[in-house]
Amino acid sequence: MRKIRANAIAILTVAWILGTFYYLWQDNRAHAASSGGRGAQRAGRRSEQLREDRTIPLIVTGTPSKGFDEKAYLSAKQLKAGEDPYRQHAFNQLESDKLSPDRPIRDTRHYSCPSVSYSSDLPATSVIITFHNEARSTLLRTVKSVLNRTPANLIQEIILVDDFSSDPEDCLLLTRIPKVKCLRNDRREGLIRSRVRGADVAAATVLTFLDSHCEVNTEWLPPMLQRVKEDHTRVVSPIIDVISLDNFAYLAASADLRGGFDWSLHFKWEQIPLEQKMTRTDPTRPIRTPVIAGGIFVIDKSWFNHLGKYDAQMDIWGGENFELSFRVWMCGGSLEIVPCSRVGHVFRKRHPYNFPEGNALTYIRNTKRTAEVWMDEYKQYYYEARPSAIGKAFGSVATRIEQRKKMNCKSFRWYLENVYPELTVPVKEALPGIIKQGVNCLESQGQNTAGDFLLGMGICRGSAKNPQPAQAWLFSDHLIQQQGKCLAATSTLMSSPGSPVILQMCNPREGKQKWRRKGSFIQHSVSGLCLETKPAQLVTSKCQADAQAQQWQLLPHT
């Protein structure tokens, strides 16, 4: 009896233990499920909160990448203790490696941008990213930002072009991520030829070029695709935000900048001209830009091919953005910066990789090819600004010149007058000449009793070679001057046509005295109004192509 009782107690004890274990296991499953639900609710609340404070939520859309071990991919190339974090990539790799590939970044767009709507049938694009020995953390963050922050139907593929990196797996392992493809060069080709290779195999009708150390912002792609859909000859770029090379902070860039350059073909960011600012009432509207930075832009593939792709005889990197920008404008297209598109970029202070002929010689070769094909007689100013280019080899440009002729592209003079009139043509020793309209010439007419300098038109006396002193003018550095006195508009407002033009003592910093030539017009640089003759005075008026009173001849003393 005791034995039976002992066995019964043992059985009951085991049953109790098993029952307790089963209960706890089931409870744990339910708890995990409910935690997942609450987590989703928290994520939903977090995403709403982040949207309110204009931060992109850290949410990965779609299914996880099958077969891609993100942790293993990143840990294989992390810095060793004591290594210089800047040495290999010219940015702080240690800080980059600390960050999640899916990190949230701030929405830096203008508050009006979220209310802009776009077509529901925007074309899909092939995103082309070229790289050479890029840090795995920045490369992966670039790829994942595109996938996480772009509607899936707009990304046909992401083509990674590995420009002969030391480790092929930097690229190959990423093909385990959906939509990512990898092309590997069997020798170092450089960004330019690598991009052409990526474009040639791209399946989409629209190409999007990205650098390999970027993070795209929310709704970055639809605004650019919309502009290209409306006009396939547009080449569009986002506002390029700054990712700190030191701590990888994401910093908003100004929305009032466009691309510019000097005669040495050195790219610079510059303020939008004042007259354009004054007419911009909608901050979401595109900004015309003379050149693009070149690292990030969207272009129709057929237009890219029609224009001749890139100049494949250019080496590695540098200068290709000028060549493409001149070609787009002069051959019938346009360049825009779209304010509602934002992409962050790590700007480095040095190149982390080697150029076969050195950085300086490579840049000279590339920009010299640009100058010889596209700058016509103005290439002399390139050589004056960059004398080290004189005599340097740059290869044959015969096929590029022939292609320009076949496309019936406009002149560089047209580009300066219609696209980039702010680029001043250098004047070494500006000699006096006359400013003529019909048989009359612009002349100073002494002073009145109040001491004001008088200005008017009079019958031309003498010649351009030997003008009368009152009709001899010097037009240089945006000033129209005579013996220390300069033409000045009395108003710089575009809304004030008919304002008199007077003579006053020259002040190179005075905006009222700034003028530029635009074809046969003399245009006030600030107001955008044109110099016009009236019966009793000279005024600034709205420029009109058929206004004879606004047509001028500037005949230099030669």
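The first residue you see is number 1, and the count goes up from there.
Note: Cβ is positioned from N, Cα and C throughout, glycine not excepted.
Taken from Swiss-Prot, the feature Mn(2+) binding site applies to Asp211, His213, His345. Taken from Swiss-Prot, the feature disulfide bond covers Cys113-Cys340, Cys331-Cys409, Cys441-Cys460, Cys486-Cys506, Cys530-Cys543. Per Swiss-Prot, domain 'Ricin B-type lectin' is recorded for 428-555. According to Swiss-Prot, the feature region 'Disordered' maps to 33-54. As annotated by Swiss-Prot, topological domain 'Cytoplasmic' applies to 1-6, with the evidence given as sequence analysis. Annotation source Swiss-Prot lists topological domain 'Lumenal' at 27-558. Annotation source Swiss-Prot lists transmembrane segment at 7-26.
Features recorded in Swiss-Prot, as mapped to the structure shown.
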residue: Asp211; record: Mn(2+) binding site; DSSP (3 states): coil
residue: His345; record: Mn(2+) binding site; DSSP (3 states): strand
residue: Cys409; record: disulfide bond; DSSP (3 states): coil
residue: Cys441; record: disulfide bond; DSSP (3 states): strand
residue: Cys460; record: disulfide bond; DSSP (3 states): coil
residue: Cys486; record: disulfide bond; DSSP (3 states): strand
residue: Cys506; record: disulfide bond; DSSP (3 states): coil
residue: Cys530; record: disulfide bond; DSSP (3 states): strand
residue: Cys543; record: disulfide bond; DSSP (3 states): coil
| task | Between Cys441 (disulfide bond) and Cys543 (disulfide bond), find the distance joining the two CA atoms and give it rounded to the nearest Å. | result | 20
| task | With Cys340 (disulfide bond) as the reference Cα, tell me which of the recorded positions His213, Cys331, Cys460, Cys486, Cys530 is the closest one. | result | His213
| request: Specify the nearest of the disulfide-bonded residues Cys331, Cys460, Cys530, Cys543 to His345 (Mn(2+) binding site), where nearness means the distance between Cα atoms. | output: Cys331
| task | Write out, in the order they occur in the sequence, the residues of the chain not among Asp211, His213, His345 that have a C-beta within 8 Å of the mean position of the C-beta atoms of the recorded Mn(2+) site. | result | Thr138, Thr142, Leu210, Ser212, Cys214, Ile243, Gly295, Ile296, Gly344, Val346, Phe347
| task | Would you please pick out, from the binding-site residues His213, His345, the one with the fewest other Cβ atoms within 10 Å of its Cβ? | result | His345
| query | Closest of the recorded positions to Cys543 (disulfide bond), Cα to Cα, picking from Asp211, Cys460, Cys486, Cys506? | reply | Cys486
| request: Take the domain 'Ricin B-type lectin' (428-555) and average the pLDDT across it for me. | output: 85
| In Å, rounded, how far does the Cα of Cys331 (disulfide bond) sit from the Cα of Asp211 (Mn(2+) binding site)? | 26
